[in-house]
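Annotated in Swiss-Prot:
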- 16, 96: Cu(2+) binding site (BINDING)
- 168, 177: O2 binding site (BINDING)
- 54-182: disulfide bond (DISULFID)
- 152-237: disulfide bond (DISULFID)
- 286-322: domain 'CBM1' (DOMAIN)
- 228: O-linked glycosylation site (CARBOHYD)
- 236: O-linked glycosylation site (CARBOHYD)
- 1-15: signal peptide (SIGNAL)
């Protein structure tokens, strides 16, 4: 059997994640300031749902009456946490590997626009590079997702949609878990005109359940494997207009975090390399919450799901409560 390195979960309940704060132009805004945050950290799994735009539905979001000012051409940081009260050492379960992405949509009123429908364009993506996933980079960075705001887009109000996709159960259709929230921002210092990227996209509509970046067995991948990031190509400013030429393809990925970009280094617990399946053991009557891991190769946490959920096998490496 192929030797596998299995990341140990710190807690069965620490699986999910929320975009809770935005840092812009040196200011870290309070939790939920200018962001439509939910009280529950569950995923969206139906890529045809309107909830794919800015979350909601199974994870009801709370409106915010704040808009955050962001300079065109600057780098902002979407700050991710397991819950609204978690710290930098509790971002997302390390087993939840996948890409990170960010999109912008120009709107008339960032406070009231639902985000549903057209007008979206991708401005950030980090997929898989030499064995490193975008989500792992965010965890290593203490929850920071670095997002460059294009310098060439018009000033005005936008929705900034930050997203992390977990692929641990994505070997079957609708197994990918998508996490996203929308920040309400006002971009200043942009171009004086009204031109936007020539092509924009609709959410829902940017993904299909059968996209190779959403229907994939990550456990069969090697460090040299190629991964196709979901969604359209990333927008970049034309040469001589605040950025590099053209729009990048989505089959290449951003480099993993380096010591110069890490805000905080968080060491992930790693189990000993295993060459055989270890049967999970009961853990004193504990129960796992909805969407939490409850089984899989090398797993030794809670194997009983809280009522009314049951433990369902997604693949040999991951079972979850649903």
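Just so it is clear, glycine is given a Cβ too, placed from its N, Cα and C backbone atoms.
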Residue 168 (O2 binding site) versus recorded positions 96, 228, 236 - nearest by Cα: 96
Whole-number Å value for how far residue 228 (O-linked glycosylation site) lies from residue 236 (O-linked glycosylation site) (Cα to Cα): 19
Residue 237 (disulfide bond) CB neighbourhood, other CB atoms within 10 A: 21
Alpha-carbon distance [residue 237 (disulfide bond); residue 16 (Cu(2+) binding site)] in Å: 33
Nearest of the recorded positions (54, 152, 177, 182) to residue 96 (Cu(2+) binding site) - Cα to Cα: 177
Residue among recorded positions 152, 177, 237 with Cα closest to the Cα of residue 54 (disulfide bond): 177
Closest of 152, 177, 182, 237 to residue 228 (O-linked glycosylation site), Cα positions, recorded positions only: 177
Cβ-based isolation winner (fewest other Cβ atoms within 10 Å) among the disulfide-bonded residues 54, 152, 182: 152
Inter-residue Cα distance where the pair is residue 182 (disulfide bond) and residue 152 (disulfide bond), in Å: 21
Candidate with sparsest Cβ neighbourhood (10 Å radius) among 16, 96, 168, the listed binding-site residues: 16
Inter-residue C-alpha distance, residue 182 (disulfide bond) and residue 237 (disulfide bond) (nearest angstrom): 23
